[in-house]
């Protein structure tokens, strides 16, 4: 297995790599904050990389061309889009699909110590964010005496939100998990990030992380068998006790279970809903034609409803092949919400599924390119037997089932940057790096 060990070299041996490495770390660190900082970091990465590449050697990898083609299809959709202004704004947001691969074409191939620097810097940055947000929650709790400030979207700002912050923190968690030999401060860092993800209470992310970590200890870890068993038992007990005994986490998991099988009424906190709210079931989300303003869609029911909405829109507009145009689907979703008599809040939601979002907006060809990109990413990770690469690939494949990850600039930057970073060399080159 290719593993990014716990050593931390004081210097990067190849000076040509220093600026690109710093640029990548700055981009990754900027993801949880305002988009303007993400844009500044991306532009700085592009400009600095152009100037440092004096040799003009190009790093051609076929995997780099796929996001560029994806961006090209996004651009072509301007020709038939149903909302030109929205598509133009979306194209600006999606520039990272073009810019980041172009930078990787021209920057030097990174050494293993440089890659370790990037992942290590990112991992400890997530620790810093975790400490900051939990400390802020402690201050709010001291003022309000409200335990909810420690959970979900009350713990972090709505931008980036609990889901995106959970995704970002998870990759920091995977970095610390895969260290074969952990120093005490690295174990503390791992515990902090794990607790932070748990407090964010994203059901899908917690489940994905749990499965990936279990797979790591079964298939990748070199620690003794007895230690594996005790570690897996500890992680499993922590998860199950948390689900049953921590109120906020328990409620989020069991609401999904109840939604799938029973009709129920519960009390929901929202300025846009009256206090007593009907919890819509999966069956109702798929079949019911008229809802009421008191109907609330938990996560699974909402995604089932949005899938149904896509099918209705696609049939009505005959847009399966071409799509509606980049970022042009929102007004159709809003009209459907009005037609089905939903609370107005649901008119502002996207499809919450990247596969459907891509089909709806840039059509079948865009969807095929997305699948190719995900397939290449997973295939290369498996060939290299690289745990971090495989964890990233699987996380994205599963996450795209429940989130329209490319609807935000930070989601595009996160995916494209890690995609290019992991696919920057071939399997034969990876073998030589591992052997060295």
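Cβ coordinates are placed from backbone N, Cα and C, and glycine is handled just like the others.
Those TrEMBL annotations? Automatic predictions, nothing curated.
The structure displayed is predicted, hence computed values, not measured ones.
Database features, via TrEMBL:
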type: TRANSMEM; residues: 20-51; note: transmembrane segment
type: TRANSMEM; residues: 63-80; note: transmembrane segment
type: TRANSMEM; residues: 86-107; note: transmembrane segment
type: TRANSMEM; residues: 119-142; note: transmembrane segment
type: TRANSMEM; residues: 162-181; note: transmembrane segment
type: TRANSMEM; residues: 188-219; note: transmembrane segment
type: DOMAIN; residues: 189-371; note: domain 'O-antigen ligase-related'
type: TRANSMEM; residues: 225-246; note: transmembrane segment
type: TRANSMEM; residues: 358-376; note: transmembrane segment
type: TRANSMEM; residues: 388-407; note: transmembrane segment
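Between the transmembrane segment (388-407) and the transmembrane segment (20-51), fewer than three CB pairs separated by 6 or more residues in sequence fall under 8 Å, so the two stretches do not touch.
Restricting the average to the domain 'O-antigen ligase-related' (189-371) gives a pLDDT of 81. For the transmembrane segment (20-51), the partner stretch with the most Cβ pairs below 8 Å, chosen from 63-80, 119-142, 162-181, 358-376, is 119-142. Most Cβ pairs under 8 A with the transmembrane segment (119-142) among the ranges 63-80, 162-181, 188-219, 358-376 are made by 162-181. At the 8 Å Cβ cutoff, the transmembrane segment (63-80) and the transmembrane segment (188-219) share fewer than 3 close pairs (sequence separation 6 or more) and do not count as touching. Tertiary proximity for the transmembrane segment (162-181) is limited to same-chain residues at least six positions away from its ends with a CB under 8 Å from its CB atoms, namely 3-6, 31-32, 119-120, 122-127, 129-130, 133, 152-153, 155-156, 187, 189-190, 193-194, 196-197, 200-202, 205-206, 208-209, 212-213, 216, 220-223, 387-388, 391-392, 395, 399, 403, 405, 408, 410-411, 414, 418.
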